[in-house]
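A.B. asks: Dropping the structure in here first, questions after.
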Amino acid sequence: MGKKRVYEFAKEMHVDNKDVIDIAKNLGIEVKNHMSSIDQDQEAKIKGMLSKQSAGKAPSSQAAKTPAKAAKTSSAAHKEAAKKPVAASAKSNDHADAAEHSQKNAKPAAKQENKPARSNKTSDGKIILSKSTILRPRSTQTAHTNTNHNRGGNTASANNTANGRNSNRSNNNNNNRSANNANRSGNNNRSNERNRNDRNRRFDNQRVTGPMPRAGRPTAANGNPRPVAGNGGKFVKPASERQQPKRQEAVKPANAASKRSEQPRTERPRTEQPAATTNQRFTKPAPVPAAAAPKPASAGSQDNRNSRRGGGNSNFGRSNSYGNRNGFNRNNRRNKKNKRRQQSAPKKEMPQRKERPLPETLIYEVGMNAQDLGKILHREPAELIKKLFMLGVMVNQNQSLDKDTIELLATDYGIDAQEKVHEDISDLDKVFEEENKNQDNLQPRPPVVTIMGHVDHGKTTLLDKLRHTHVTEGEAGGITQHIGAYQVKLRDRLITFLDTPGHAAFTNMRARGADITDIVVLVVAADDGVMPQTIEAIHHAQAAKAPIIVAVNKIDKPGANPDHVMEQLTEYGLIPEDWGGDTIFVKISAKFGKNIDELLEMILLEADVLELKANPDQKAVGTVIEARLDKGKGPVATVLVQQGTLHTGDPIVVGNTFGRVRAMTNDHGRRVKDALPSMPVEITGINDVPQSADKFVVFADERTARAAGEERAKRAQEEERKNTNHVTLDNLFETMKEGQLKEVDVIIKADVQGSVEALAGSLEKIEVKGVRVNIIHQAVGAINESDVTLAAASNAIIIGFNVRPTALAKAQAEQDDVDIRLHSVIYKAIEEVEAAMKGMLEPTYEEKVIGTVTVRETIPVSKVGTVVGGYVDSGYITRDAGVRLVRDGIVKYEGKLGSLRRFKDDVKEVRQGFELGLTIENYNDIKVDDQIEAFTMEQVPVK
């Protein structure tokens, strides 16, 4: 025959698959699981081993003769077990130890189902159980097989005694006692059910335990007599209670179960020892004393029947339901108690939302929705939507409402509706005019004086003299910072002076100074007289309607003629008081300080006549005199306060920028917290460099200032985009002409904003035919890397005025071949750019005849062409000159020389009166007496 599976062989032999696998492994047969195959020889070996083990573990057939005999045997076994204690088995069959095997009990024995474990008892008679034996599953099929074998060879009573099948009755008794007895102290299964429902469900039909008998209880819970110990320490049932042995039910000792009811589910009995390492399934059971004999457990089939009837130890049994029901009832009682307590407790009243009164007037904006109106009216949006629905208007809470709908809703509520008027906070000019016209709480203020005049007429010298005479007296450190504006004190009265440059490029700065000034001091040199910038300053002052005080300077110089200056100024409407006019003339010498105090007195006199006043209690407004980008402070602006008082921390909008005044510095370089009217200060804290002559206004809060500044910046950007020239049919021809023009791209960086504007204006006025200046970027501050990058991308020239490039910018410029020109004098910057513009024009060339040659002889040469021999009649002829062949006054050919020789040598030049030989490149039709003109193209300089 062929091979057979392990599970087929186990089925034939009525044994467990695991028993067959264990025997096969002991015999050295390779099997892995119940699906492994064995041949006939291996099958015979396993059969023989099964027969030997069945015969070896069967107890004597006379083991159950008398109870007294069993008691003696049990006593002997107790003595023997005390000498060699080992872990006791938790299964229904208590296995014998090594001492019992040594006695070689030869009595007939029935086949036993389980592998016996070694049993130990302590000195007080308690049995020590092993964890591994308590939880070891048991096969029902094996139990049936063993029982059938025992019936074949022995009586039913001996068979039950040998295999320990009395546990069925014991288990039933325990189950009955669990269901009927309210005292749980001795009820092992009931405690076990309450604490380990899940584990009982898994191991109901697989575990067999040996509970400890309780003293003084000779009968079971149902009144039946307890089984007595037979021969070999085994229990024997009465004949009437013998049943077919089934798979045994797991029963715990009573005392262990009572402890387990108070422990977590995962705990094990603490009095445990490891099970024996030897294979104990087929060893002989050890005798147990009668006092410590375990209660017999019921078979698995009986337990299954009990489970179906609702009894037994199953999770679906009666006792388990009873235990769970008690817990459920306890929870029910607790829940009902809590519910009654909650009902009897006083209920807290829910806070009611207070109805806020309606406003007297609804200030609305067109486009508001129901949510926005609900916040103003203190009503829910749903209420407003319902009202509008009743009024015939269908809207939702996010829909914008028009003016009529909002007024209709206000009328329904019985309140007035008023549309909110928006003010353009970004219109600084309007705010500036309103603040300047404020006539409340006016107080006298210092006059603002602007000094104007031509270059080198002594304006700066006069200011320096005023500062050193009236400012630095009593100042320890002197002037620490130059901000272009100063205050001079005379007789406890202050005068504010503004300096303006005299060069023609600074027209805007002069006009700006005239706009913000109260009095103009016109400085005219007595030796030079009236100059172009003097006339321009007069026009600016007259346009601003500012009174003019003429200071005739340099009267100490030889050749000075103040009267001639006065005569010249009368042509422009400046008539001296001595001549019947109203213009004040003061003859001074700024270098020596002559008549300086007289000039100051005249200024104060004119200020008294003007009655200059301002309100220091309102929000400050003023004008930017100068602005720059400081390396450490950031954007810095020099401003002149014209109305109100400027405080540190005020939210401010300056031109198209905004910020908060972080710090203020006066003309002495000292920090101040307040700036009164007519006081020049330098402020920091703005986010960008403003333009000169920009207005500044202080706002109530920073949020409004930010909104106004951002709006102004946005409008300025849009305006700049609008200024871009778009091509139309009207300007198409002009655009095409401009496209033919060459451009010089320039980037301007200067120290102050006024210099930037002056230099840009001067460069744009340079007139070179065919070339124009294109300023692609202008800013305040040092030349940085971004400027160099922009110049490299646009092929532009960087012009720095009183600034220097950073180290990184300089290195990058050298790497990118960017031209950086640094200047401190505006004349030189303008001249250099003008020269560059002229150099960008395409050069103009004109022809110049340098010599003539008369052909005397022609010699045709193969592979060379016609060789000409002749004399230089006039001038000279060079190798790289152009030639023109003229025959009878008609130009036959114009080209280049192919070669030029004198005798056999190649030469570069042949002068007049010398013979030569030459060839004309790519031309051979040359005849005797032809004239050859040599000429060159020379570049004509740009005028």
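Here, residue 1 is simply the first one shown, and the rest follow in order.
Even glycines carry a Cβ here, placed using N, Cα and C.
Positions annotated as region 'Disordered' by Swiss-Prot: 35-359. As annotated by Swiss-Prot, compositional bias 'Low complexity' applies to 57-76, 142-190, 289-299, 315-330. According to Swiss-Prot, the compositional bias 'Basic and acidic residues' annotation covers 92-103, 110-124, 191-205, 239-250, 259-271, 346-358. Per Swiss-Prot, compositional bias 'Polar residues' is recorded for 130-141. For 331-342, the entry in Swiss-Prot reads compositional bias 'Basic residues'. What Swiss-Prot records for 444-613 is domain 'tr-type G'. According to Swiss-Prot, the feature region 'G1' maps to 453-460. Look at Swiss-Prot and you will find 453-460, 499-503, 553-556 tagged as GTP binding site, backed by sequence analysis. According to Swiss-Prot, the feature region 'G2' maps to 478-482. The region 'G3' annotation in Swiss-Prot covers 499-502. The annotation region 'G4' is assigned in Swiss-Prot to 553-556.
Describe each of these features in terms of where it is and what it packs against.
C.D. replies: Below 8 angstroms of C-beta separation, residues 499-500, 502-503, 522-525, 528, 531-534, 537, 553-554, 590-591 of the same chain, each at least six residues beyond the ends of the region 'G1' (453-460), sit close to that stretch.
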A.B. asks: I'd like the number of other C-beta atoms within 10 A of the C-beta of Lys459 (GTP binding site), please.
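C.D. replies: Lys459 (GTP binding site): 24 neighbouring Cβ atoms within 10 Å.
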A.B. asks: For Gly453, Asp456, Ile555, listed as binding-site residues, tell me which one has the smallest number of other Cβ atoms within 10 Å.
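C.D. replies: Each of the binding-site residues Gly453, Asp456, Ile555 was scored by Cβ atoms within 10 Å; lowest is Asp456.
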A.B. asks: Per DSSP, how many helix, strand and coil residues does the compositional bias 'Basic residues' (331-342) have?
C.D. replies: 12 helix, 0 strand, 0 coil
A.B. asks: Hey, does DSSP put Gly453 (GTP binding site) in a helix, a strand, or just coil?
C.D. replies: strand
